[in-house]
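Student: Straight out of TrEMBL:
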REGION    1-23  region 'Disordered'
COMPBIAS  1-16  compositional bias 'Low complexity'
DOMAIN    35-164  domain 'Casparian strip membrane protein'
TRANSMEM  42-61  transmembrane segment
TRANSMEM  73-98  transmembrane segment
TRANSMEM  110-136  transmembrane segment
TRANSMEM  156-177  transmembrane segment
């Protein structure tokens, strides 16, 4: 006697109808070099750290920087910038090694807010220090007594650090806004 066994064949699910079909699927944003967790982001973080550390070292080797408030502010701002950039560079190295990207909106918003705060502080300190170096060098003609070239070098390095942190902030903010 022949017994017929029914066969089970995979069947595709019917297409969704109604409101579920009207919603557009959200795609992920492409990784742009310079965003957190990319090699471009690591290069930006390293350059931020290097320029801030150079500004800090040049200003710290000048013995009379504590006598001017703007220079003390520059030292504090680039110290914060170097710590922030080093921390995020370490996170970028970790993300690259495990081949993951930072896509969590809370983490990206933390990066954007941190970049915004540190870039604002660094820019303000560099502008204040530039004003003091112009005052000392051009208006008072006291470069023979003071370390004008060191002050100018530290100020230039602070501006370079700010130039390097600006793309990081813009890309983090853009990544956050596109979610």
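Any Cβ shown, glycine's included, is placed from N, Cα and C.
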Student: Taking a Cβ cut-off under 8 Å, which residues six or more beyond the ends of the transmembrane segment (73-98) line up next to it in the same chain?
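Tutor: Beyond its ends, the transmembrane segment (73-98) has Cβ neighbours at 36-39, 41-42, 45-46, 48-49, 52-53, 55-56, 59-60, 65, 111, 114-115, 118-119, 121-122, 124-126, 128-129, 154-155, 157-158, 161, 165.
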Student: Given a Cβ distance threshold of under 8 angstroms, which distant residues of the chain, six or more beyond its ends, lie next to the transmembrane segment (110-136)?
Tutor: 36, 52, 68, 70-71, 73-74, 76-78, 80-81, 84-85, 88, 102, 142-143, 146, 148, 151-152, 154-155, 158-159, 161-162, 165-166, 168-169, 172-173, 175-176
Student: In terms of Cβ proximity under 8 Å, which residues at least six beyond the ends of the transmembrane segment (156-177) contact it?
Tutor: 29, 32, 34-36, 41, 44-45, 47-48, 51-52, 54-55, 58, 74, 77-78, 81, 85, 105, 108-109, 111-112, 115-116, 118-119, 122-123, 125-126, 129-130
